[in-house]
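Undergrad: Below is one structure. I have some questions about it.
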């Protein structure tokens, strides 16, 4: 019996990456990730500690994790293209490779010189999206690297910019509200979204500024491999009680973000946001 228990612990350790919340040394990108498309537009920098994805009028580029995950607290340090980037979409997201997919998105929507880059988040559940929210960041995301995090556990999905929560989607399946549960791959890309990304598609990409370059760092993965039967376990740090809702400090920061929501956020996306009164649903 003891040998069986020991074997089970070893399997869980191997399958559930990131045993504690402590920051791990950054591995080279190819330990956990691989280039998926636009390989001639992707460059490995600093011994693999940084990836540059570029886009011109022939192609963009993207990379993804080698594994799918069933829960985790995923993060990436990102610096988006500078200069005139209207129509350019820089993305970091998790996505299930299924027909009716689940997806949790960070999308940076480029803009004309002198106008702010908009950060859009979106949530797809069983193939249904239309939950877009947009915010204007309190810094220039092209000036330096910032950390973007997605917490996904059985209790909530939370998007963070550095340490600030900017969006929360609670698990309210008991109220008949769908929640993302499918195994998901971590993905990053830069691509041409000029048909919709800037001014509703009215402002097109100015290709004289190409190539547009996005930079990514931080390739350790704090997540549970989807092959593990234990991705909902409270023994995983991102599933522990402190990660099941925002604390008071985070809640205060989150409320400030909500007050500065971009006017073009989808109304439907505001239906199930985290509110101070957890018994209510905001029906904006």
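Keep in mind that glycine also has a Cβ here, set from the backbone N, Cα and C atoms.
In TrEMBL, annotation is done automatically, which means it is predicted and not curated.
The feature signal peptide is assigned by TrEMBL to 1-22. Among the features that TrEMBL reports, domain 'GH16' is placed at 19-216. The annotation active site, nucleophile is assigned in TrEMBL to 103. What TrEMBL records for 107 is active site, proton donor.
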Undergrad: Same chain only, sequence gap of 6 or more: which residues have a CB within under 8 Å of the CB of residue 107 (active site, proton donor)?
TA: 89, 90, 91, 93, 119, 120, 121, 122
Undergrad: If you draw a 10 Å sphere around the Cβ of the residue listed as 'active site, nucleophile', how many other Cβ atoms fall inside it, taking every protein chain shown into account?
TA: 19
